[in-house]
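S.K.: Quick one: the structure is below, and I'll ask about it shortly.
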Amino acid sequence: MSLSSLPGSFSSSSHPLVPYGWDADWEAEFAPYDSEGLLAGRVIRVDRGQCDVVTPGGMLRADTAFVTPHDPMRVVCTGDWVAVEPAGDPRYVRTYLPRRSAFVRSTSSKRSEGQILAANVDYAVVAVSLAVELDLGRVERFLALAWESGAQPVVVLTKADLVPDATTLSYLVQDVETAAPGVPVLSVSSNLGEGLDVLAAVLSGGTSVLLGQSGAGKSTLANALLGEDVMKVHATRDVDGKGRHTTTTRNLLALPGGGVLIDTPGLRGVGLWDAETGVNQVFSEIEALAAECRFHDCAHTAEPGCAVLAALDTGELPERRLDSYRKLLRENQRIVAKTDARLRAEIRRDWKRKGAEGKAAMEAKRGQWG
């Protein structure tokens, strides 16, 4: 049975895939495969050459052998929309639809290949534990990748109930806001249920990926948002707030208030992958200052008329911010030097085109971010 012949095509909000992010644009993209009798579905989980896919008829298991190229940037991942064979043993994923966005980090290989953690994401939720000392540099690193993905970053400060008083919590939020210009910063306590309604409202109607290092409280937060204990939770060490990987695979789950959530394993290593635009977005105040420098190619080291150094001298720009900016730019330049520029440009063009279309669709449904 073709997708368009199912009762309640996309024009009806009762379409089985709407809760997982299906919309008119995805339906149009899928039309050629629909005419071939293939099933539309969204990848819920990928595991060793197979994936779980939610389709109009329910959940099924499919083999990814036909869509497993040598390029790790083009393999099927959680969040992809795919065309699946309607029957067979095994049944195969035949292709995936062009991605609107993708969250990518570099691998530890000498070739510095990119690793896709999640696809077609609207919000990148960076979970930061308040049970340990804030690492603003790590927050900035996550945000650079989030901005580069095409998603809207959101920082969620978890375990707020462990902060001794409201004044201290306010200062911590302000510190993170300074490191995250243009990014909503929310504090929550999954144990007490505080702040969850606000976060759920933000994430409703879109696809969100939940990111953070081990021990950040991601699985506890995911369970609180889902309203049930879906993700396993392990205890963290009091001394450093770290714990074992609770989530070992990337899972996509429908939220009760609307939207879907992709939970990822705790990330100990978060390398940049062609994220210059994202870095510039995180440090937008430095980019604005750089535009005022006397020389267009100013390196902000010792040049006369450097607006960045002037702001550093007056205290307008914290030295920590400038150091972090330089560090991330240097790292990104090393990664870029090792990778195929033509391939990167091709992938980025495709994502930006689809991302613009996806953002327009989201704004039409929900209105722009307030």
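Yeah, the Cβs are placed from backbone N, Cα and C, and that goes for glycine too.
Feature table excerpt (Swiss-Prot):
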- 111-270: domain 'CP-type G' (DOMAIN)
- Thr158, Lys159, Ala160, Asp161, Gly212, Gln213, Ser214, Gly215, Ala216, Gly217, Lys218, Ser219, Thr220: GTP binding site (BINDING)
- Cys293, Cys298, His300, Cys306: Zn(2+) binding site (BINDING)
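Looking at the shown structure, what environment does each listed feature sit in?
M.R.: Secondary structure at Ala216 (GTP binding site), taken from DSSP and collapsed to helix, strand or coil, is coil.
Under the three-state DSSP scheme, Cys298 (Zn(2+) binding site) falls in the coil class.
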S.K.: Considering Cα atoms only, can you say which of Thr158, Gly212, Ser214, Ala216 is the nearest neighbour of Cys298 (Zn(2+) binding site) among these binding-site residues?
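M.R.: Closest by Cα distance to Cys298 (Zn(2+) binding site) among the binding-site residues Thr158, Gly212, Ser214, Ala216: Gly212.
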S.K.: Give the number of CB atoms, excluding that of Cys293 (Zn(2+) binding site) itself, located within 10 Å of its CB.
M.R.: 19
S.K.: Cα of Cys306 (Zn(2+) binding site) to Cα of Gly212 (GTP binding site): how many Å, rounded?
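M.R.: Answer for this pair: 36 Å between alpha carbons.
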